[in-house]
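Database features (TrEMBL):
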- 3-166: domain 'Hydroxymethylglutaryl-coenzyme A synthase N-terminal' (DOMAIN)
- 30, 144, 243, 273: (3S)-3-hydroxy-3-methylglutaryl-CoA binding site (BINDING)
- 80: active site, proton donor/acceptor (ACT_SITE)
- 112: active site, acyl-thioester intermediate (ACT_SITE)
- 178-248: domain 'Hydroxymethylglutaryl-coenzyme A synthase C-terminal' (DOMAIN)
- 234: active site, proton donor/acceptor (ACT_SITE)
- 255-322: domain 'Hydroxymethylglutaryl-coenzyme A synthase C-terminal' (DOMAIN)
Ligand code: CAA
């Protein structure tokens with residue numbers, strides 16, 4: 001049977017960053033609550049000319065520069081912070097990246113789980129035709145009400161993945177465990193720019209979905225817990241993944257220490273919650289920071305509020321280190337520009353009605369920008385950096 005999986009992946013984030021120590025001080029909260037209690041250091045914040053489209057295109061660009069577009073016939077865009085009720089954000093990305101006209105492009109939504117649904121679908125497309133490659137893009141802006149308990153768990157970022165036969169990074173194994181239950185733990189009504197969340201319920205819903213998905217994984221013939229060498233979980237805040245590993249250890253009776261997932265945290269501590277991209281930012285961090293992964297099995301858990309979960313596994317391919325992008329990812333994260341709290345709050349509340357023409361100020365130094373609204377439609381453009389498309 002052909003092995004199929006993630007051939008390459010790349011991460012992108014925003015121009016701005018807010019330091020959680022500043023947010024804590026301003027709120028009269030001990031900064032250790034955020035750094036240790038939640039396991040978060042900073043959060044990415046988009047400029048007025050950045051959004052899920054610009055981040056998604058930015059994440060996908062290095063994949064195309066490295067691998068070209070041959071065989072790419074499908075672009076699956078996963079997000080829960082969509083920019084249109086009808087049109088897929090993937091179509092804007094398709095144009096910005098100059099992808100072939102002969103493609104299917106669609107958007108996936110089920111909270112933070114959407115990217116895993118897209119990945120599983122991509123595996124199916126490639127299984128049917130191993131010559132095809134699928135571009136999966138996950139991109140989100142996590143926004144809660146100012147002053148709410150969720151505020152320090154905001155963030156923004158995108159991860160793009162190229163799914164192909166005989167992958168260079170991670171072969172996804174066929175067995176999956178899934179879970180679904182209608183629960184009001186977290187959602188975003190159509191007329192709200194911020195999520196509504198029952199924080200306590202969201203924690204138990206996440207842990208419940210994990211154990212249900214694990215039991216289903218086992219019933220479906222998945223490997224035993226002792227055959228999994230590393231764990232990578234959805235990270236709404238990195239402490240949540242620690243709670244999840246503890247929960248899985250209690251549920252299975254296995255001894256599972258945090259060393260098995262420590263390398264997954266580096267990027268998400270900096271980005272904050274990236275919703276659909278969070279699990280895959282964790283995977284990027286693991287592949288970039290752990291030198292002893294060749295041939296090892298990673299257990300991945302994807303959670304999407306509302307609520308669904310999926311537990312699945314992947315085998316790391318020998319030579320994965322050659323595809324790493326640690327230096328450029330770290331440079332991007334370190335290069336973010338600090339945003340003071342007044343400016344952050346102003347950006348947080350900024351809304352631009354779709355029935356009024358509006359030109360976005362030029363702020364981002366990324367490869368693509370949201371130019372604004374004209375004739376009720378969103379307009380995007382490549383910046384001089386994007387036009388130059390330097391090799392990566
Ligand atoms: N030093 C160190 N730790 C401290 C501390 C201090 N001074 N003060 C508090 N802490 C610890 C607390 O003990 C707690 O740790 P434990 O959970 O391990 O006990 C931690 O800091 C957080 O403290 P609280 O529970 O008091 O925090 P809170 O009630 O203010 O908010 C939250 C926590 C409910 C998760 C909130 O951040 C929130 O609503 N976040 C958004 C929802 C979310 O992310 N849910 C996760 C599951 S849903 C999901 O995964 C989907 C998704 O992406 C949203």
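Note that Cβ sites are derived from N, Cα and C of the backbone, with glycine treated the same way.
Comparing C-alpha positions, residue 234 (active site, proton donor/acceptor) sits nearest to 273 among the recorded positions 30, 80, 144, 243, 273.
The Cβ of residue 243 ((3S)-3-hydroxy-3-methylglutaryl-CoA binding site) lies under 8 Å from the Cβ of 203, 207, each of which sits 6+ residues away along the same chain. Rounded to a whole number, the C-alpha distance linking residue 144 ((3S)-3-hydroxy-3-methylglutaryl-CoA binding site) with residue 80 (active site, proton donor/acceptor) is 13 angstrom. All protein chains included, the residue listed as 'active site, acyl-thioester intermediate' registers 31 other Cβ atoms within 10 Å of its own Cβ. Secondary structure from DSSP puts residue 112 (active site, acyl-thioester intermediate) in a beta strand. The DSSP secondary structure for residue 234 (active site, proton donor/acceptor) is coil. A simple Cβ count within 10 Å picks out one of the recorded positions 30, 80 as the most packed, and that one is 80. Cα proximity to residue 80 (active site, proton donor/acceptor) (within 10 Å) is found for the following recorded positions from 30, 112, 273: 112.
Shown in sequence order, 43, 140, 142, 153, 154, 155, 235, 236, 237 are the residues of the chain, 6+ apart in sequence, with a C-beta less than 8 angstroms from the C-beta of residue 273 ((3S)-3-hydroxy-3-methylglutaryl-CoA binding site).
Rounded to a whole value, the Cα-Cα separation of residue 112 (active site, acyl-thioester intermediate) and residue 30 ((3S)-3-hydroxy-3-methylglutaryl-CoA binding site) is 29 Å.
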